[in-house]
Each structure stands twice: as C-alpha cells, then as structure tokens.
C-alpha cells in the first residue's frame, strides 16, 4: 500500500505527463496576416507534392548580448574594436540549447520530413517538405498568390501557420510562409543615350553626368586606389535576373577609368543564380553596381548572383525560375555566413529593398539578425535607402488603414549602413527621391541618439503621427545618385537612384580598408558606430534640398491617399534624407589610419 506522500508524487507525475501530452496536441499561431497583402491575388492551391525549401529560425536567447557584442566590436576605442568573430565562434555563441534543437528535429521527423533534407545550422534549421506535409505540420493551407501587376509572378504562401504549443517559445519563424515581399531595384530612372560628351571641366561636367573621375573629385579621393586583396573584397548583390556583363564592364573601364584597364570581377552563384551574358533583359542595375564598385576602387570584386526569387526545387508546379516562390535574401545571407573568414567579402553592397511594412515583423527581425552576424564577422553591409522619398503609397496595410510614411527594408535594419542620394555640386544637395525616415520595426540604437534627437527637436510636431520618433533613423550617409554614366548592352546611358549611391560609397570604404590593411589593421567592418562617433567629422553636412513623396500614387493600382507637402528637409546635422552627409575621403583616410 502506497503512503499518502507517495500517492501525491504519482498524481503530480501523471498530471505533468498529461499536461505535456495536451501541449503536444495543441497548437499556437506563430504568424498571421490580417488580410492578403496589397498587390497580391489568391489563386488555386498548389499540388500536394510540390516541394518547398523551408527556413526555421530559432528564438535567440542571447540576442541582446549578441547585439551589444557587435556594437562593441565595431566601436573605435572599445577594447574589442576590430576583433571580428570567426564562423565557429559566432555559431557557438548563438547555438541554442541541445534539448531545444533535439525537440524541433524530432518534430520535423515525426511530421515526415526526410532526415537527409534537414540541415541543422545552429540558430537556423533548413529542410525540404511537400506542401501536403507542410499543411499538416503547420495546421494551414497554402495557395498560389499572383502579383496583380504582373500575373507571370506568383508564389506559394499562406496567411497564417501554427506549431505545437510546447515548441512555440523556441520557434521565431518559419519561411517561406507569410512573406509577400516585392524586392525592387533602387533605380529611380534610366535615360538611354548613344553618347555622352565629356568636357575637361570636371566641376561643370559633373553637374550633368557622374563618372568615376567626378566622384574622385567631389569626394577628394585623389588617385587613391585599393590594393587588390582577398581580405578586402567588395561583394555586389545580384537579384531579379540582373546579370553583370563582362563586355559592358570592359567598355565602361576603357571609357571612364582607363587607368584600371585589365581590371575584372568574378562571379559566385548562389542557389540557382545565373549570370547570362547574352540575355536581352535589362541589366542596368548589375552593370551600375559593378562599374562603380570596381571602377572607383580597384578592389577585388565579386558579383553574388542569387536566383531571382530564391532557391528552387523544380517540379511540375514550379518548373523554372520564372515560377520560383522562395526568398533570395535568406539564401544569400546563409551562403555568406557559411563561408570561412578568408572567403568572406569585407563589404557587401546591395541596391534592392521594399517597403518595411510589406515584410512580416518576424522575418524582418530574423533577417536583421543575420545582417548583424555578418557585422560580427567584419563585413560592412551597405544598402541603398530607396527611391520613394518619404514614401509612395503612405498607407498602412493592416485592417485599419491610416496615412503613414513608408520606411524601407533592409535599409531600416540597424546593422546595415543605409545610403541616401544627393545631386549637383557646389553646393551638393539632397535629391527629392532619396528615401529616409524612421523605422516602425527597429528601435533607434543608442549611438544614433545624439544625432537623431537633435533633428527631432528641430522638427517639433511636424508630421506627428506619420512616423515613429523612436525608430532607427534612415539613412546613415549619402552620396551622389543622379545621372551616373553606365554601359548596358553596348550602349551608354545615365542612371539615377540610391542604387548608384550605394556602390559608390562601398568603393570609398574599400579604399579606406586598404589603408588600414596596409597599416596591419583590420578592416572597418560594421560602420555605423564609427560614422556616428569618430568618423562623423569625415562627412560633409548637406543642408540644401530635401525629399518628397506621398503624392497620391502607388505602383500597384495607381491611387493612394496624398499627404500634402510631405517631405524631409536636409538640414544642419543628421537628417532623414542624407544622414550625416557625404564622405570626405581625405579626412576619413586620416581618421582610419589612427583607429
């Protein structure tokens, strides 16, 4: 006969087991969209056998400690400055507890996920699964969703998904599921010209057309060129079927940077990425990025071409890249983070983005964390800020639609350096399309406080309610972004947009890195703590011009509510059009030598 205390223990034990069993049979919603995102139309369900490559992000218990570590590594004067992490050290720091990984892996296998398709990468788990398996496992239904502006573009998505309640605290997100983003090239306009006549007067000519020599003159670079070095590689992101053409690049160098004749770039293929040389598609973005990243720096340059809409397991439903449903950002980031330190680029320049609100919050946070991981490993991640000024549609996409300025992502991630655009010289001015503002997702980092709060004090209550004053300020810096000469398909044209500003700024950073490496110092890595600290005196404040937007138009259906006179003005100090200003290479070179 059991004693009373023994009976109590047995009852408690049975109760705990019953609770665990109950939790295993209940589900908790991880992500849910209130409606189908604007610009998408729900279509038919995919075939049950259609294969999807899933990315599962685990909850990071050490997220705050990790982010502080990244800031410390990147802050001049800190004892850890420049001590970038190896891949193994980073993975070990972020790796979840073994029991967490084991429980999720067991769940995947119980759901029928083939063990050989599972890649356990520490804080992320990747796996392939059929639609029917995913629907059972995530208690959801997938459909094809078509781009209302381009019916040839469609993807497999759902509006919500759930996981077992006992696993929910450890799962941050699973994608592709609720991510309906439309990454766009940040090119405001393209003007095709047969020839561009250049005069010997750099000042006069550079108000009409920007070339590498113009940028050298404007930003006081002189004849500085980076020494090609595997430790100082500029990585250029290629998405959306943009191809970097060798013949166009050679012609550009011959005409606009003849001192670099013989320079070249290499290509790395991610997923099903291609770099077609005979495609008839417009590749101005790829040409622009390569021309100025390399033509202004001479640094070793790599074009990372990622399949247009992410990696694809081909099948009858998605037979080719035109019908690809997955996410290129995640694919590129996981590829780069898998590289050993001696193969990792020192700089990653990307001229693509989308409205921040179009990106699910958990996706935004998880992707931003991956950019932070690149920062921890010493990569300067540079993004164009966008070409919609204060915003385009300026309307929230939730159930309650209200007017709102639209920040862009990934430019709004605090761990990337966001580059706005200027035009003209003497004086250099903010250009109207340069995107900026304040993130609705990411809180302003402390090192931005002095600069941004000074601006907000001057702004007062203007535009109150249309932005979040607590948000990360965008952009960080600016560079010329109007009428860049570029070669595409054998013809010279001019391109405007922050997509021109980003590779130009990346090239300047490569030249600064070269100075540090020649002095046996590490590359600059994550730039923002430096920009808002010791580096700030190396930027020219832009106080003329401003951005515009919210004009009552959007690219999906043409109509949107207008916000009269919506704008951000360039002003003394940091502003949400040009950041802290444009680089002065002479001053920056002196600063980085002494860090």
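Each residue, glycine too, has its Cβ placed from N, Cα and C.
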Query raised in the report: Between 201, 569, which does Swiss-Prot record as N-linked glycosylation site?
Result: 569
Requested in this report: Would you mind reading off the Cα separation of residue 499 (active site, charge relay system) from residue 264 (N-linked glycosylation site), to the nearest angstrom?
Outcome: 21
**Report entry** Neighbouring C-beta atoms (10 Å sphere around the C-beta of residue 542 (Ca(2+) binding site))
**Finding:** 27
Query raised in the report: Other residues with Cβ within 8 Å of the Cβ centroid of 541, 542, 573, 575 at the Ca(2+) site?
Result: 543, 570, 571, 572, 574, 578, 579, 580, 581
Report summary line: Least Cβ-packed of the recorded positions 207, 264, 365, 499 (other Cβ atoms within 10 Å) is 264
Query raised in the report: Looking only at Cβ atoms, how many others are within 10 Å of the one on residue 289 (active site, charge relay system)?
Result: 30
Report task. Measuring C-alpha to C-alpha, could you say which of the recorded positions 264, 285, 365, 542, 573 are within 10 Å of residue 298 (N-linked glycosylation site)? Result -> 264
Requested in this report: With H, G and I counted as helix, E and B as strand and the rest as coil, say where DSSP puts residue 365 (N-linked glycosylation site).
Outcome: helix
Query - Proximal residue to residue 207 (N-linked glycosylation site) among recorded positions 285, 289, 542 (C-alpha distance) - result: 542
